[in-house]
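Colleague: So that we are looking at the same thing, I have put the structure below in structure tokens.
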Amino acid sequence: MLTFNSWDMVNWVSQFFWPFVRILALISTAPVFNERAIGNRVKIGLGVLITLLVAPYLPLNTTPIFSVAGVWLLIQQILIGVTLGLSMQLAFAAIRHAGELIGLQMGLAFATFFDPTGGPNMQVVARFLNILAILLFLTFDGHLWMISLLADSFYTLPISANPIISHAFLALARAGGLIFINGLMLALPIITLLLTINLALGMLNRVAPQLSIFVVGFPITLTVGIMTLGLLLPLIPPFAEHLFSEVFDLLADILTQLSSS
């Protein structure tokens, strides 16, 4: 006859609770999963489903939930999940940054897209590129790679109360440069072209002062910007694929550094 006491119950809950915390922290911060259009019940349900698939294969952790070690372990799992989720946001932030730079040069900085779901307002070009990045992320199975990396993190960085103080978080802070480098690389062709047009319009204004540069300049820069953005669209998928791959390599490096601390 099987016996089931309170201690077995605590061990069983702990076996599923700690992975659930890390998984839910990632879902709350990772791109696509953290969209406000996805309800909290769906996010929690997805977290429970992934936990049920992952937790049975993990080593047993007997750390009491209501203890000092349990509080530290809770904070640790939240930090790991948030680190993984925010690291993946770097790729989308780079693409949004490129959209803001392009919109600024096109004269569309005033055109802000209102998000009815309560998310942050963005410029029109930045919003368009962000939606395109989400579609490409799903097309490249980025969400599946992210879940796979999360599952591997339980083996690379097991659930334990050991300290994780490391320079890995400093590496994450330095990785913020990816936003500016990749964003500028994506927007640089359009920025260069529009800057050349603005210089030409400035010289034209010096030659013919009676020409209203504000009336002529805005339609020209807007039209050329839209046409150039259309020509740039076929180059965005390989750029986004390289960017996502770079961020996933960064995540793997951060997990390795955390596990070696």
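From the backbone N, Cα and C atoms, a Cβ is placed for every residue, glycine too.
According to Swiss-Prot, the protein carries these features:
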TRANSMEM  13-33  transmembrane segment
TRANSMEM  44-64  transmembrane segment
TRANSMEM  65-85  transmembrane segment
TRANSMEM  98-118  transmembrane segment
TRANSMEM  131-151  transmembrane segment
TRANSMEM  153-173  transmembrane segment
TRANSMEM  177-197  transmembrane segment
TRANSMEM  213-233  transmembrane segment
TRANSMEM  235-255  transmembrane segment
Colleague: Counting only CB pairs under 8 A, let me know which of 44-64, 65-85, 177-197, 213-233 has the most with the transmembrane segment (13-33).
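Modeller: Highest pair count goes to 65-85.
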Colleague: Return the stretch with the most CB pairs under 8 A relative to the transmembrane segment (213-233), choosing among 44-64, 65-85, 177-197.
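Modeller: Looking at each of 44-64, 65-85, 177-197 in turn, the most contacts to the transmembrane segment (213-233) are made by 177-197.
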